[in-house]
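Taking it in order: structure first as structure tokens, then the write-up.
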Amino acid sequence: MPALIDLMQAGRRVERHYPWPRAIVDGEVWRSAASACANGGMSLLGLWGEPSRVHMAILDDRTSDIGVISLDCPDRRYPSVAAYHRPALRLERTIHDLFGLEAVGTPDSRRWLDHGRWQTRFPLGERLNASPDASPYPFLPAEGDGLHQVAVGPVHAGIIEPGHFRFTASGETVVRLEERLGYTHKGVEALMAASTIEQAARLAGRVCGDSTVAYALAFSQAVEAALQITAPRRALWLRALMAELERLANHLGDIGAICNDASFALMHAHCGVLRERVLRAAEAAFGHRLMRDVVVPGGLARDIASDGPATIRAALGEIRRHFPALVDLYDNTASLQDRTVGSGSLNPALARQFAAGGYVGRASGRNHDARRAPGYHPYDVLRFDIPVLNEGDVNARVWIRIREVEQSLSLVDQIIAGLEAGPISVPLQNGSAPSEGMAIVEGFRGDILAWLRLSGDRIERCHLRDPSWFQWPLLEAAIEGNIVADFPLCNKSFNCSYSGQDL
Amino acid sequence: MVVISDMLVQLGQMTLVLLLAPLLTGVVRKIKARLLRRKGPSVFQPYRDLLRLLRKEVVLAENASWLFRVTPYVTFAAIWVAAALVPTFATGLQFSWSADLIAIVALLGSARFFLALAGMDVGTSFGGIGSSREVMIAALAEPAMMLMVFCVALIAGSTQLSTVATFMASSQVGLRVSLGMAMIALIMVALAENARIPVDNPATHLELTMVHEAMILEYSGRHLAMIEFGAFLKLLLYISLIICVFFPWQITIVGAAPLSYVVSVGAYLFKLALAGFLLALFETATAKMRVFRVPEFLGAALMLGLLGTLLRFVSESF
């Protein structure tokens, strides 16, 4: 089996791509990389396009090496990765919708983001005019006696984002679930092209509202990598502080919301109070509840308020006092455990194949956290554990969140204790030659990948890959064999992003 | 004279349940909200909801049949008549002599039959899911209810609720095991029939988990108002039934002095409020069960009803 380094050496190394190497390869190496991902040993981190080029980011599981291989496709065709490695399928369909590049040998050539309502086809590629196409989307068939379909969404009864779920059920048992997403496509990648770094940073912070810190962090790290600068130490530590606060708030909200979907509103109410404490502390410390637009390339837009550390400590002290009682309540309520234990089981082999990040992967035995590998400062000097479970059910995903809340509480303490005075940003020196940067950052859902090419002070091309790309397909697998009525619970335990993956 | 007083009691009670039903639901919602550290809407919010729905226009699916349109009125009427048969504060209801506990079960059964048909009428998948789940629950709840009726009837010697209440209020009954079993069975059936947690969640927005709500998802305007009102009434009916069969203390027996009516109305209101509080407490402390656990839950109710009846056969003293 080839190692990543062999694949990279088979191609032509690209200059000025940081911090990991990028190589331009031929179709043969491209195909062997795809089959290496499929055979295990390598994980697909991302797959994205340019008008006549495709890129694939790969993690070598044995050596933790990361690399990007690129394939020029002047005839607008490239060998399909999904033909070997299914996790690439939706990414390939997206590349086709946005750039018009055709994946040769793809098992599924339906559109993904383009629902036939755009005025333009291939908006980032050759831009053909198109009239809206009202032909219905062909869902995958399921055949058998007594099967019936249930269509849910894209408009839901609650205040959640739009997505369509097509269930084929035999009575109450789900035989097949197919997702159709893309309803919140905003054209972020098109908007970023040719915008300034400041504009693009604001856009990156708006890709996914609940992960705004993580996205801004990923984007900023990628810009800093491309420009070969490092943000000051204080900025790096405050970024980590914000990232942990964001993780805390989201995990607390999720734990409550999962219980609420089992109609146990008590946990929801109490977790909501704790989440609100975190958000208010964030507002007092950084001037915004979700801490949007604080992380910028080069450092921070503003420093923490002078009483910020004390406010955060007080809020976290309250969480420390109340959270254990809530964990006991969760663990000791038999009716609730009856719902979460054993439902929506995700096979560890699938989690590994899809390189699922975050609590989805870690609840199914995939020990991966971008804070540790590839890792970034200050996590290399902080003490924290990465909880991993093997059960893969809703209960396991709740427990991963509970353990991560405890880890984040400890991390916030360490960060506040380790804060040093100093500058919070460095000016961006615009390099003359185009350069490329990449970053992988752990958001609360999992690893967010950012890749960009700078040309002067402008973004030439930027791609942001949400962790949900590799988690949504797993939800389809996890619900199989469960009952229709358990879907909301399983869905909430995955809590994938619509906005982040629709871009 | 007796006929007139019975008529008056009957009329008074029918009006009372109609006026009280939304308040009971409002109180339960308020208590639940307070238990969750929320303020919650006013206890009078259900009245406002009904008025708002009555003023709104009805949006009908194009393929809705006459069945879809008459069902709200049929179910409301059936539930109201059933509620009129349950003595709340006084026995000796005029209707009591023409219909008994079994008739109540039959009336509620027909209301549900129409609702389940209407749920499937428009042909949406949620309506179908809701109807199939509702009928599955009903098929298990009704036998349990009937066994509870037999058990009580064996002890009280009648299925007429006025007679049952009079008997239960007397000193002839002490603590009986079979009655306790019947009471637990009835409470379990009542939770299932009223779409409460742990069988169904009346406050959910998740279409896929709904039972009762999924069935009525296509209803709007005055149709929805009638169905909601019917659901309020049904909750009051079941709580009144539990009160009248198992806790009939202070209920006015036919021919008592007028003052005793005041006392018994007060006692009834107190018992309602207490039941509402216990319901809210129970709903807050438990999660909803899986759909396929419901048969086990109702199976337990059935067994309790059966055991109660059998024990009564074995020995008079149970």
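Just so it is clear, glycine is given a Cβ too, placed from its N, Cα and C backbone atoms.
Range B:12-29 is the one annotated as transmembrane segment, of B:12-29, B:210-227 (source: TrEMBL).
Counted over residue pairs 6 or more apart, the CB atoms of the transmembrane segment (B:261-282) and the transmembrane segment (B:231-249) come under 8 Å in at least three pairs, which marks the two as touching. Below 8 angstroms of C-beta separation, residues 61, 63-65, 67-68, 70-71, 74-75, 78-79, 81-82, 85-86, 130-131, 134-135, 138, 142, 145-146, 149, 152-153, 159-161, 164, 193, 214-216, 218, 227, 230, 234, 237, 241 of the same chain, each at least six residues beyond the ends of the transmembrane segment (B:101-123), sit close to that stretch. Counted as Cβ pairs under 8 Å, contacts with the transmembrane segment (B:73-95) are highest for B:231-249 among B:12-29, B:231-249, B:294-314.
Outside the transmembrane segment (B:231-249) by six or more residues, the chain places 17-18, 20-22, 24-25, 28, 46, 76, 79-80, 82-83, 86-88, 104, 108, 152, 161, 164-165, 168-169, 179, 183, 186-187, 190, 193-195, 212, 267-268, 271-272, 275-276, 279 with a CB less than 8 A from a CB of the stretch.
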